[in-house]
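Contents: one structure, followed by commentary.
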């Protein structure tokens with residue numbers, strides 16, 4: 001397994017693979033890898049000749065009061081996981097490699113970024129789309145793999161790739177959970193013992209909403225009320241948003257008539273966690 005830090009060096013390797021007509025599966029990450037990332041890597045390994053994992057904590061997708069400076073980093077642990085799952089190449093550039101000069105060009109995807117995390121984290125998806133555009137151009141992958149836990153990100157990236165004619169297939173992979181139901185996340189590392197226990201309220205509230213939907217409830221306000229009521233029973237939980245949106249357009253719906261995304265963002269103490277599920281009538 002190679003660990004490469006420069007765009008020049010990684011492009012030389014990519015060119016060699018392309019000359020040999022090898023397919024490339026790409027898993028973009030910010031590091032501090034866990035079983036959720038591993039599931040993406042395994043899928044990429046199954047479907048491609050070569051697998052690349054990028055590890056880059058992207059500064060332009062963090063807001064001024066967000067956790068960029070303290071975001072967990074552990075390249076040794078990450079490298080071990082990648083080696084275990086037979087990754088061919090880790091691309092781990094420095095910030096100065098990706099952004100050697102002040103950046104004036106940005107990529108925006110309208111409409112899909114108006115709600116959910118796009119509304120609560122201004123500029124976040126502009127940063128995500130911009131860095132992914134750079135990575136797609138540098139690495140030229142055949143397929144790229146994203147977790148469904150970041151459902152809005154997955155929808156935004158799919159639309160960006162469609163609109164800008166990137167010759168890349170975007171693959172969504174299911175949410176991976178702890179045994180007790182908490183969605184795997186690098187930010188779970190921030191939680192103390194009591195907060196970790198309290199964080200289970202996210203999945204519990206979504207399960208109650210799913211039960212109501214499966215029982216025939218079609219009013220999105222009622223579904224939202226079920227989730228809010230459950231979350232409010234947890235003292236350490238502070239709701240950022242609870243949204244029921246169309247799973248394709250990500251626009252709010254009142255009456256549930258087709259495929260929906262039920263998505264929540266909740267602060268447990270100071271840690272912001274997200275979770276979701278999709279439901280089809």
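Cβ atoms are placed via backbone N, Cα and C, with glycine included.
Per Swiss-Prot, the feature active site, proton donor maps to 37; the stated evidence is sequence analysis. Its own atom aside, the Cβ of residue 37 (active site, proton donor) has 27 Cβ atoms within 10 angstroms in the protein chains shown.
Taken residue by residue with DSSP, residue 37 (active site, proton donor) is part of a helix. The ATP binding site feature in Swiss-Prot is assigned to 30-37, 147-150, 176, 184-187; the stated evidence is sequence analysis.
What Swiss-Prot lists as beta-alanine binding site is 61, and the listing cites sequence analysis. The secondary structure of residue 61 (beta-alanine binding site), as reduced to three states from DSSP, is helical.
Around the Cβ of residue 153 ((R)-pantoate binding site), the number of neighbouring Cβ atoms within 10 Å comes to 25. Taken residue by residue with DSSP, residue 153 ((R)-pantoate binding site) is part of a helix. Swiss-Prot lists 61, 153 with the feature (R)-pantoate binding site.
Ranking the binding-site residues 33, 176 by how many other Cβ atoms lie within 10 angstroms of each Cβ puts 176 at the bottom. Annotation for residue 30 (ATP binding site): same-chain Cβ neighbours under 8 Å, separated by at least 6 residues, are 55, 56, 57, 58, 71, 186. The local packing around residue 186 (ATP binding site), expressed as other Cβ atoms within 10 Å of its Cβ over all shown chains, amounts to 19. Between the C-alpha atoms of residue 33 (ATP binding site) and residue 153 ((R)-pantoate binding site), the distance comes to 18 Å.
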